[in-house]
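Trainee: Residues annotated as compositional bias 'Acidic residues' in TrEMBL: 28-38. Annotated domain 'K Homology' per TrEMBL: 432-502, in sequence order. Sequence annotations record features per position, and here TrEMBL assigns region 'Disordered' to 1-42. What TrEMBL lists as repeat 'WD' is 122-154, 164-196, 213-247, 248-289, 290-331, 332-366, 379-410.
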């Protein structure tokens, strides 16, 4: 596959200016030939392999000229690949949109599985990231942390933009209205706040008897919204008057999740009593109860088609229901710990992502042409639980927030690259052969970075032991890391610890000698 047209202009196009070279993140010798400041060192900028907003917008607008995927059966030959009505000239290949924009494809291509970690962010006063959401249009990412603070990140270069106090207690969830005119947030103290798109406070409501409010969801018309909390109730609110209209009681324990149907007057809720209930918000009655899980239901999510309901639980299972027949379609087994977050893909209705308590990120492709096995797995996407994840509106980025105080942006790999799909030698079943079964011992020098490897209250080393399935111990007198495991596991540990120490060293160099470093550890 020749991708040269995407990276540089064709022969019949004019030579790009120096500004164009700057956008491509390189300065060539030809560009500097006529530069008056040729004696200065050449600037080198690292280009991120990310689909930026300009091609994303072009892609979404070009979908107007593509045939609907519901008319594929009318295509002669039944090849399953419809062509757009208009084909662009070869000179404009580099301006084409995202590959996932070809809605005529039945099978989601690999670009839907975002396994490349494009960027890792962490605020200065880092705290666990409890929830996050893309702003309308996907220009920025908004995160809420355990201290009740908003953090705003740029969605293009992932730089820090703003941090502000929003709640007096820890964030629990945030939800945008369908018309994208308002934002709802809730905290662990039973407080609900209205925000404008400019992140200005509009209204505040105290409810649920001061208990944590875990989920919020708007009705299809944005005139109502629903909330759930640890008081074992689901409450329906009127948006304009800020009044509670219905109190839905029926769960026997804390209600952990709730979501309004995308087009109908149906509410789905999941509770600590292992039950999933469907409610009629007009009468306040329970329509049906699903008994599929054996532990706390942590997440429920409606597909945009309105027919599929996804439920996740602490029993490590994800279940898919067809609400039209009230039938369980499949039970997905891939997580080894509790499932803490799920999110449907905004373009492909059969693709979704899920995150676990152990920081594992898994992509699934279900449906008639899909599979009940994970399509892609990232075993150590985060060091701790992934509390929330959101797809970019264009579907080319996935943002995840975790208890390890990090927000990560995931993108597709370059063509032919397997980065992110490789477990660094760790197979899902633990591998096979003598290379993966013989237990050996090894040591690794840590120098002055003993405290960095241990982490706060031992969190870093505990997370690495859990992810790599090895036994590790830090000898603080000799300043070495003792590792017990297979040769492949030890190789993985050394690679990860080496990357951590290199990152810390680079941060110390950027701070400079006057700022000090980690010499105290």
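In case you wondered, yes, glycine gets a Cβ from its N, Cα and C as well.
It should be emphasised that the depicted structure is a prediction, and the values quoted were computed from it without experimental measurement.
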Trainee: For the repeat 'WD' (122-154), what are the same-chain contacts with Cβ under 8 Å, counting residues 6+ beyond its ends?
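Mentor: Sequence-remote neighbours of the repeat 'WD' (122-154) are 53, 56, 160-176, 180, 183, 185, 187, 197, 199, 384, 387-394, 397, 399-407, 409.
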Trainee: Between 0 and 100, where does the mean pLDDT of the repeat 'WD' (248-289) sit?
Mentor: 93
Trainee: Within the repeat 'WD' (379-410), how many residues are helix, strand or coil going by DSSP?
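Mentor: Helix/strand/coil tally for the repeat 'WD' (379-410): 0 helix, 15 strand, 17 coil.
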Trainee: Take the repeat 'WD' (290-331) and find every residue of the same chain, 6 or more past its ends, with a Cβ under 8 Å from one of its Cβ atoms.
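Mentor: Residues 256-264, 266, 268-272, 274-278, 337-344, 346, 349, 352, 354, 356, 364, 366, 372.
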